[in-house]
Amino acid sequence: MNIQWYPGHMTKAKRAMKEDIKLIDLVIELVDARVPLGSRNPDIDELAKNKGRIILLNKSDLADERYNEKWTAWFQEKGFHVIKVNARSGMGLKQIQPLVQEACREKIERDRKRGILNRPVRTMVVGIPNVGKSTFINSFAGKACTKTGNKPGVTKGNQWIRLNKTLELLDTPGILWPRFEDQEVGLKLAFIGSINDEIIDKEELAAELLKFLIKHYGRNLNERYGIETEDPYEALREVAQARSCLLKGNELDTKKAANLLLDDFRSGKLGRITLEFPEAPGEK
Ligand code: G4P
């Protein structure tokens, strides 16, 4: 299966983000806990050079808890501050504030030496489409905060949301596009719905997902659809059978089954599943 990625407004968005990043002290980067590396754009490390960094493993409620822990440790080992969160429910968001102080310790210290006290840390949220940026901003900022209005130098339309005395957040997130050389990563992003899947053959995509699930999460498939086969296309027919996806004349509607499977996976009905695994210590 060949996945193409057409980054419509990529250059424009990157330019806007470069401007916004000049105004901030700290980048809060959202990644999808189910595909923590594939859902990043590696340009962020260059763009956010010299800034405080926090990585949020978002949608951690949909990812396998064993791997949430492993990925947290993996990013920590690389020197990032990391928290697993659920932007939708608000789980984990309380831990962010104390981490901000830690991630910006150098800046706060620099300010203090210059006699600048209590200048709020300015931050922005970045991530690929659909990773949960807007949901996060809404949950994190909540209702209690105030918008401080446009200020000189701020990209038109952007506003600072004052979260409290020590933290201000840009209300518009920075959009990054996933960058994958590897079709395998492309597939995983398609499974989670981060790639416009109108351009993708759903049955083929579902069969690829089934192939992965048969290998790593066979129990989940068995529990939900009674699947026992190891053949992905046969498994898709079993999904159709189990969920009564039928065409006229009782023929199996595998297209409908493909959509159903993808929806079940994306909404967590198939259980908590991680698609990308960190390398074990010593491995590349
Ligand atoms: P974006 O700004 O990065 O593009 O993403 P956005 O916030 O629009 O979120 C994309 C989808 O992901 C939304 O679902 C949102 O509710 C969901 N989402 C965000 N964070 C989490 C999370 O931590 N866990 C889970 N399970 N879902 C999350 P949607 O179906 O597009 O919209 P809606 O049905 O929630 O309105």
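Every residue, even glycine, has its Cβ placed from backbone N, Cα and C.
From the candidate list G79, G174, G186, the residue TrEMBL records in the GTP site shared with N58, K59, S60, D61, N130, V131, G132, K133, S134, T135 is G174. Checked against ligand 1, the binding-site residues N58, N130, G132, S134, G174 give N58, N130, G132, S134 in sequence order as having a Cβ less than 6 Å away from one of its atoms. Residue environment of G132 (GTP binding site) contains 21 other Cβ atoms, counted within 10 Å of its Cβ in all protein chains.
The maximal spread of the GTP binding site, taken as the longest Cα to Cα distance among N58, K59, S60, D61, N130, V131, G132, K133, S134, T135, G174, is 23 Å. When secondary structure is read from DSSP and collapsed to three states, G174 (GTP binding site) falls in the strand class.
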